[in-house]
Each structure stands twice: as structure tokens, then as C-alpha cells.
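Step one of this worksheet: look at the structure below.
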Amino acid sequence: MSASPDDLSTGGRLQNMTVDECFQSRNTVLQGQPFGGVPTVLCLNIALWVLVLVVYSFLRKAAWDYGRLALLIHNDSLTSLIYGEQSEKTSPSETSLEMERRDKGFCSWFFNSITMKDEDLINKCGDDARIYIVFQYHLIIFVLIICIPSLGIILPINYTGSVLDWSSHFARTTIVNVSTESKLLWLHSLLSFFYFITNFMFMAHHCLGFAPRNSQKVTRTLMITYVPKDIEDPELIIKHFHEAYPGSVVTRVHFCYDVRNLIDLDDQRRHAMRGRLFYTAKAKKTGKVMIRIHPCARLCFCKCWTCFKEVDAEQYYSELEEQLTDEFNAELNRVPLKRLDLIFVTFQDSRMAKRVRKDYKYVQCGVQPQQSSVTTIVKSYYWRVTMAPHPKDIIWKHLSVRRFFWWARFIAINTFLFFLFFFLTTPAIIMNTIDMYNVTRPIEKLQNPIVTQFFPSVMLWGFTVILPLIVYFSAFLEAHWTRSSQNLVMVHKCYIFLVFMVVILPSMGLTSLDVFLRWLFDIYYLEQASIRFQCVFLPDNGAFFVNYVITAALLGTGMELLRLGSLFCYSTRLFFSRSEPERVNIRKNQAIDFQFGREYAWMMNVFSVVMAYSITCPIIVPFGLLYLCMKHLTDRYNMYYSFAPTKLNEQIHMAAVSQAIFAPLLGLFWMLFFSILRLGSLHAITIFSLSTLLIAMVIAFVGIFLGKLRMVADYEPEEEEIQTVFDMEPSSTSSTPTSLLYVATVLQEPELNLTPASSPARHTYGTMNNQPEEGEEESGLRGFARELDSAQFQEGLELEGQNQYH
């Protein structure tokens, strides 16, 4: 295939122009070496990945303990929790015992992660883990399929072009090397649409595997807001529904209160109680224990300072517990005065709840609901009625944040994030700013691809990890009422910010703040808009993202195993702890759930990068496959060994499906931009690209809409609906677990027996009732420690047994 002189001159002129316009600073980090430095970055990442595995194997082996209880009580190693087996999180099944027997070699954990059966992982981690790994299977098979046309069709077409000279090794693998007169460009457009259709079919097949959960269909309870706070008699609410909706039977009415301070005091009180019990049991065996209670006591070994004086541990925690208990009781007495305008109303069956909900569906549009004789008292025309979430899904501390203040906080936080990320701190802008201040001049003089290519790809990966953490933690500041809504917002926010930070803005050459602002507000600069879109097809740009995917696949997944952030936070908290019970609590609280929302967002970000450049730079596809395989293995290990079982709303998984459907649309957009800029807006390929993009968008939106309709249909209760304890009649709930009531846990839990001898875990370790007193004391100490450290395990059993979700 030959190219005309115009093509050759245009190619050279285009490359020189776009390099100057896209990268206006000296830019050590955004311009590449021969073949984009890809081989060097790949080899260096492989070496670092092997090093990370070796380091992790040493750390994990050093902290290994199958008993786990003795490790938590007696081992102060900084790595004991982070890298040890989280055996307290799940019941010791035959599968777990078999895995422990096999997990004794230096790198046996690595091979166990590969050979582990899906059934073992699902039995331990729950149904959400099944949906997650099946989703990864679909992506892996899809990318494996598109590797064939990408490497077998598109790559040879690109490389055999003659627009660029033979010295441009990496550039010849991109679409820039194909002549504008070549009919083979039709294959690029056709395959971009084929990728979308294939991906859509895979996602549709994945959605069919979502089994409807009873926990989402069993609710007969409504959540009602804007109820007058002066209503204290539930009979008024019952009377209103009885008169306004004849035949409706209300079985339970729960009022809500502001319990933020009460929950905090209860946590502190329980920590003090655990400290007293621990040192009481220990004093009976070893005598009085002295501790230094200053947070910085570990920094100073001198006992002469007053603030570092040692005190009697048992007496200190007894006095602290007494003080906090008094404050707790005082706050508990004030709680009835802190009524919220929110109630939960449970009906006899779901049809009654559905009838009321339907009547209030259009209240905001001015449609009046049915009235009763007490309507003017309960002000039912102001109510907002929705189906109640599961009690375990509610974050009770956040219910006191009213909707107006909630929206004000939500808008303020996300506006700040928008300006922070879009205008100031996208990874490429940070890296380009480093260049502007001559920080990288010594690196530039080296002219070494190890530094000039590996360094920027590591920086880009690092910023795409650090910056979304800010987004991740911002979701907690927004004070969502339910964990499901919190996770759903988290997965969407992280993905949107990541795609703009990593894919869209850097691809268009918006790599410095001044260029970005000029692109937004300068009228004359906008006349050169075509130059910005040429940046998408700059060869160095493609190499930059190939290196990013390689780094995410190897070094990135290796760092997910190390979890240095968790280790740093844990070691810092442990360093400033004052006593052994506090360290026990720190270890217990460190056992967190697997963050599906965050992992979905990061995985979909890399998948979007791969799909965006799968046509214009096909060499990125096999590295995308490498990333998905490495991510799958890493997540299997982390879910099984490192995190607690997690229950989710299925909307989280559907959000990831929507993002996966959106990813190939970026490739269609990129193909359309190329056609407009290189072929003209009236060229047949341009018109075809625009048509396929519009068709793909329609298919995507229709598919997502039908998926939501299916979820709504699954949500609707069936005629023979399974009855759950929190929907039963009051007379039938005498033994109802308190965690299943629509009342904050801190208001309903019975008082604990505060003596170690009565600990329910006392005989967990096979202790005998007729043992000597010393044995009883030792058993009580160990049993109490087991009680302290098994909270996450008990929670996991409760959730698994009741098929609930967080």
C-alpha cells in the first residue's frame, strides 16, 4: 500500500504540529523514546512485580498464625493483621481447613489463589463475590476475543501503512500510519462497532446471572419523612392509615431519633468496658498491671515526667467506664427529646404497603393523597413515602442530617471535587506542572527510557490511586442514609472522575492548567479546536497509555496485595495506642469489608482506557487482557484472605455493567474524531462512524433502561412472599433479633453481663467446667479476647444466615 506525497507531508506536518501544541512545556514525562519505551517499561514492571511478590511472601510468612487468636492477643507485630489469615471472619468450614493445610509453603498462597475453586470463594465470601468474579470472567473472555481482530487485522493494517517512516516503530502500529485514501479504514470503523455489540451481548448475558434476592422483596415497611415531631402516640399514625386506606393493617410504628452522640458515647463506653475486663482478668493471674495512658507514651521511655507516669490499668479503665456510662445514660435520657421527622411503618402484608406507596407517588406533583380524620394533625399531605431499606442497610447516625442540609453538603463537596480534579489535579496536569518548574531537568538529561517512560507511567498510576481515594472518602462525608446509596454514589463518582482524569483530558492534550483554561474560555483558542482532538492520535499519547496499563497490570496489582496504605494507617494507630485492649480494638476495626464499589471503578477505568485505544492503538489490547487476569487473581486472594464478607445491593453490580457498556463508546468517539479530522465531515467513513455511534448510544441506553426495569420487576413482591421477622406481628416477635428492628442498635441492645466469667465465648476453646481456678481465669481471659476479636465474624454469620445486604 502506497501513500501519496500529500499524505507524507501531512503526516509529518501533523505530528510536528500536534507535538508542539499538545505538549507546550519541555515535557520530560509526556514524550517518548523509540517504540514508546514499552519494552523497557514492561521488563521493569515484571521485575518489580516479582520483587513485590517476594516481599509480600516474607511479610505474610512472618505474620502467619493459624490459631489467629494468640496472634491478636500477644503479637504486636505491625504486619500481624494486615498480612495474616483473617480466620475470625468466617466459620471454619472443611474447605477453609483444607486451604490452611495446603497453605504452608513460601509461595503456596499464590498457587492456591490460582487453583482455588470458585465454590470455595463463594462459600466464604458470599453471592456478591460470585457476581464480581463472573463479571471479571465476562470481561476477560471479551478482551480475549477482541485480541484476535486487534492483533490479527488492525495491527498489520496499521504497521504496513506508509504514512510514517520506518524509524517510527511505535507510531507505525497506530492508525496514524494508515493513508486517508485507504479503503482499509472501513475495517477500523466496522470493528469498533463490532466491539461494542460483542461487549453489550456479554454484559447482557452477565445480567441474566443476577438471581433475585428475597431480602429485596420482603419489605412491608414504608419509610415516611416530614412527619411532625410533636406526634408521640403511634396510635395516631395507625388511625390515619386505618381510615384513609380501609383494609390496611399497621402492625408496627417506629419513631426515629438523633442518636449521633449516643452512638459515639456507646463506642467509647464499650472500649473502656473491654479494657476493664481485660485487665481485671489479667490481674487475677499476674497481679496488678501498670500502664502509661498518654498517647505518645511509646515515644518516651522516661518515667519521670508527670504526663508519662504509670497508673493502675484496672482502676483507670474502671473510672473511665464509670464516667462514660454516666454520660451515656444522661444522653440516653435526652434522646426522646431529639425526635426526627422520620418514621417506619410496617403493614400486615406487602400489598398494603404497595397501595400506600402508590398513593404518595405523585404528591410532589400536587396530587393529594387520601385523607383521614387526623390528617390535619399528622399533616399527611406533607409526607414523602418510600419503601424502607433493610434495617442493616441504614446508617442510623446519618438520619439526623435533613434533606436540605444533605443536598447542600452533597453539592458543596462535589463542586469542590469538580474544581479540584478537573481544573487543577488531573494526573497529567500534575506531571506537566512538575516539568514547568524544572523539577525533572536532571531526568531529561538522562534520556533513558527507564526513567522517561517508567517514571511517568508510575506517576500516572499513583495519582489514579491517590486522587480517587479523596473521592472515596468524600462519600462518607456526604452522610448517606443507607450503605447501598453510599456505595452506589461512590462507584459512579470514582469512575467519572477517573475517566476524565486519566482518559479524556490527557488524551485531548489538556495537560496543563493554562492550556485547559485557554481551551475553556479563550474564543480565539477555540478556533484551533481541531488541534486538541489531534492529540488523541499522537503516537506518544498511545504509548503513554500502553505504559499506564502495563504498570496497572503488574506493579498496580502487586501493590494491591501489599496494601501499604492499610499498613501505614494500622501501624500509626497501633503506635499511638495506650494499652493492649486498645490494640485489640484497632485490630478488630481494621478488618473491613471488600470495597466492591472502589474496585469496580478502578477496574472499569483501565477497561475504558483499553477500549478507547483498542482501534487507534491496538497493541494496548493484550496488555488490557493481562491487567484483567492479574486483577482477577489479586481480587480472588484479597476477598478470600484479607477482607470480610460483604453484602451489597444489586444496584452496585448493575452500575458496573453500565460502565462496562459505556467503555466501548469511547472507542467509537475516538474513531469519529479521527474520521472528522483526517477524512472530513462529509466522508462516507465519517458518516458511517457517526451513524454507528448514534446506534450504539441508543442500544446502550435502551439496554440500561431495560435492566433497571428488570430490577424493579424483581423488586415487586410476589403473591406468596416469604415472611421475615421484622414484618411479623408484634405478638410473634418475642424472640426477634434486635438487629432486625427499625430501631437504632444503640437503643435496643440489652445490657451486657460485664463479668469475664459469663462470657459466651468462655468454652470456645474446649475448657472444662471442673478445671482449677487458675485454668478458669486463663480460659476467661482467652474467652474474653475471643469475644473482642470475633465481632466481624459474628456479623458475617448473621448476615449470611439471614441473606441480608449492607
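Glycine is no exception: its Cβ is also placed from the backbone N, Cα and C atoms.
Swiss-Prot lists S77 (among others) with the feature phosphoserine.
Among the features that Swiss-Prot reports, phosphoserine is placed at S80 (among others).
Positions annotated as region 'Disordered' by Swiss-Prot: 755-781.
The topological domain 'Extracellular' feature in Swiss-Prot is assigned to 1-37 (among others).
Sequence annotations record features per position, and here Swiss-Prot assigns topological domain 'Cytoplasmic' to 63-126 (among others). When pLDDT is averaged over the topological domain 'Cytoplasmic' (63-126), the result is 54.
Annotation source Swiss-Prot lists topological domain 'Extracellular' at 160-182 (among others), citing similarity to another entry.
Annotation source Swiss-Prot lists topological domain 'Cytoplasmic' at 208-403 (among others), citing similarity to another entry.
Annotation comment: Swiss-Prot describes 434-448 (among others) as topological domain 'Extracellular', evidence class similarity to another entry.
Sequence annotations record features per position, and here Swiss-Prot assigns topological domain 'Cytoplasmic' to 479-482 (among others).
According to Swiss-Prot, the topological domain 'Extracellular' annotation covers 520-542 (among others).
If you look up Swiss-Prot, you'll see 576-595 (among others) marked as topological domain 'Cytoplasmic', on the strength of similarity to another entry.
Positions annotated as topological domain 'Cytoplasmic' by Swiss-Prot: 643-649 (among others).
The topological domain 'Extracellular' annotation in Swiss-Prot covers 679-683 (among others).
Residues or ranges marked as topological domain 'Cytoplasmic' by Swiss-Prot: 705-806 (among others).
According to Swiss-Prot, the feature transmembrane segment maps to 38-62 (among others), an assignment based on similarity to another entry.
Residues or ranges marked as transmembrane segment by Swiss-Prot: 127-159 (among others).
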For the transmembrane segment (618-642): best-contacting stretch of 127-159, 183-207, 543-575, 650-678, by Cβ pairs under 8 Å: 127-159
Two-stretch contact, the transmembrane segment (127-159) and the transmembrane segment (543-575), at least three Cβ pairs under 8 Å: no
Spatial neighbours of the transmembrane segment (183-207) far in sequence, C-beta under 8 Å, 6+ residues away: 1, 134-135, 138-139, 141-142, 145-146, 149-150, 153-154, 157, 175, 611, 614-615, 654, 657, 660-661, 663-665, 667-668, 671, 675, 679, 685, 688-689, 692, 695-696, 699-700, 703, 707, 710
Within-chain partners of the topological domain 'Cytoplasmic' (479-482) [C-beta distance under 8 Å, separation at least 6 from its ends]: 389, 393-395, 398-399, 401, 406, 409, 489
